[in-house]
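Per TrEMBL, these features apply:
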| type | residues | note |
| --- | --- | --- |
| TRANSMEM | 158-180 | transmembrane segment |
| TRANSMEM | 192-210 | transmembrane segment |
| TRANSMEM | 239-256 | transmembrane segment |
| TRANSMEM | 268-289 | transmembrane segment |
| TRANSMEM | 360-383 | transmembrane segment |
| TRANSMEM | 395-417 | transmembrane segment |
| TRANSMEM | 423-446 | transmembrane segment |
| TRANSMEM | 453-481 | transmembrane segment |
| DOMAIN | 509-594 | domain 'STAS' |
Amino acid sequence: MEENRVIDITGAMEVHKVVPPPHRSTLQKLNNRLKETFFPDDPLRQFKGQPLKQKLILGAQYVFPILEWGPNYSFNLFKSDVVSGLTIASLAIPQGISYAKLANLPPIVGLYSSFVPPLVYAVLGSSRDLAVGPVSIASLVLGSMLREVVSPTKDPILFLQLAFSSTFFAGLFQASLGFLRLGFIIDFLSKATLIGFMAGAAVIVSLQQLKSLLGITNFTKQMAIVPVLSSVFHRTNEWSWQTILMGFCFLVFLLLTRHISMRKPKLFWVSAGAPLLSVIISTLLVFAMKGQKHGISIIGKLQEGLNPPSWNMLHFSGTYLGLVIKTGIVTGILSLTEGIAVGRTFAALKNYQVDGNKEMIAIGLMNIVGSSTSCYVTTGAFSRSAVNHNAGSKTAVSNIVMAVTVMVTLLFLMLLFEYTPNVVLGAIIVTAVIGLIDIPAAFQIWKIDKFDFLVLLCAFLGVIFISVQDGLAIAIGISILKVLLQITRPKTVMLGNIPGTGIYRNLDHYKEAMSIPGFLILSIEAPINFANATYLKERISRWIEDYEAEGGKNKKQSGLKFVVLDLSGVSAIDTSGVSLFKDLSMALEKKGLEAICIGESNRRSTGKTTEG
């Protein structure tokens, strides 16, 4: 029976002549490779065969997406956008003030950043649902990186200048990625990295708000969990029971409204309006009870008027140039990743496309413009975009409505925020960032890939025990190491036949699969190149030695005669890979063995498929 099965196998393998691919010059090959690397979406295909006038129109629509949907805009769409714009404005105003304080910036800068950038994005952005403004993660990273060198309390003007300069370099970096079609760089931030990083950042952000929630005045400048908790419990004499009571009440209220909206999505407006309602109620309470005289810290008087120009505050040379470039790149990557991920998420829900490179250009240019108009790093925020989507947003006009609402606030309503307590802003921040801790996603990663979970854990622990940027760097480093290991140590498995079929499967995965006496069938499931050719040669030699050693122990198993290499999982091979097979063939001939390589044609003829 065993000999018959061998005959059946060899007989089932049909030989097909491999036809050389069509001849292409080196220049054509290089052009095709560059096109697939930098222009996989082929953005120029829409211009083919079009008259010059149409090409100019299409070009203008590509650069300014508003020209594409603007001519067909209707009053019905406007009604939906007004409702969603006013809804996200009610969330953007308190969040803008809160996130600016998180970045150690004056609260007014958060409102400035919710006015100009949304207007720029409405013209250049391709997402219908993205709501633009400051976000917690970028605010935290910006504030923590700059605070390590410059004190925001001792030298607030210099700190503000560095924040605007970092925003400029963040925008320059983001726009450059889009113009140069280098968006694949941000793909190195894997899902596991982002989940771990955001969870760690959420913990640190929440702990930092204990300063406001407890009424502590002298608080640590460090971001790691140990010094933060140490500062909290060594300053118990500064705790204010009035502040704690107010903070606890509004935190419970905000968490309750968030829970209601999560349980019943149609009630999204409950959590969307809760921050603004909290600000209004707490401000009235403090004003009526003169809370500032009872230990409750307030924002104080805010400057009225629209964004003042800030291009004269940008630093392009001097001692701090390296700091602002580094801060800009880190915050730029984080905000870009969040913005594109959010935009693509809601685009998938509404079945339309978001161009990643156009989004990079739009987000980058709005940060460049923002840095010259007293704004700091902005992007598409998930919480605001979710509210925008649920409120029925149809186009980017909702961003314009939000910006106009913020403009009215800046011009006429700033006096109303003078008595807003900092404790409520802290509660708003805690409520916003708590949603960044995604435990179900972390549990799923643990079940699927333990190495990915290690990356997640390193990002999380690095952020909370070392620093935000170091935790992110450690996680990215481990992710890159994983990719390098997969390239240099590709998977090779031993295949066996499933009786009664022409199908071959991994012997370790399928109990019914049986090895064929005299045949060692190996599957290589990765591209073969200079980085792994030596390893594959050594690994295949080890497979042969193990087979022969097992054959010596098992008298029923006949000696090895054929080494079959299944290359149907090999998508590419370079010159080092070709040399590998030449060297392997010579080595096997010396041992009296015959090497057989099978590829896609053999796989189809035998019905064999490789393990995925």
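Note: Cβ is positioned from N, Cα and C throughout, glycine not excepted.
Where the annotation comes from TrEMBL, it is an automatic prediction and has not been curated.
Remember, it's a predicted structure, so these values are computed and weren't measured experimentally.
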Long-range Cβ neighbours of the transmembrane segment (268-289) (under 8 Å; 6 or more residues past either end): 87-88, 90-91, 93-95, 246, 250, 253-254, 257-258, 260-262, 296, 298, 386-387, 390-391, 416-417, 419-421, 423-425, 427-428, 431
Region pair the transmembrane segment (158-180) / the transmembrane segment (239-256), three or more CB pairs under 8 Å: no
The transmembrane segment (239-256) vs the transmembrane segment (395-417): 3 or more CB pairs under 8 Å: no
Within-chain partners of the transmembrane segment (192-210) [C-beta distance under 8 Å, separation at least 6 from its ends]: 102, 136-137, 140-141, 216, 223-225, 228-229, 232, 337, 341, 426-427, 429-430, 433-434, 436-438, 441-442, 445, 449, 452-453, 455-464, 468, 471-472, 475-476, 479
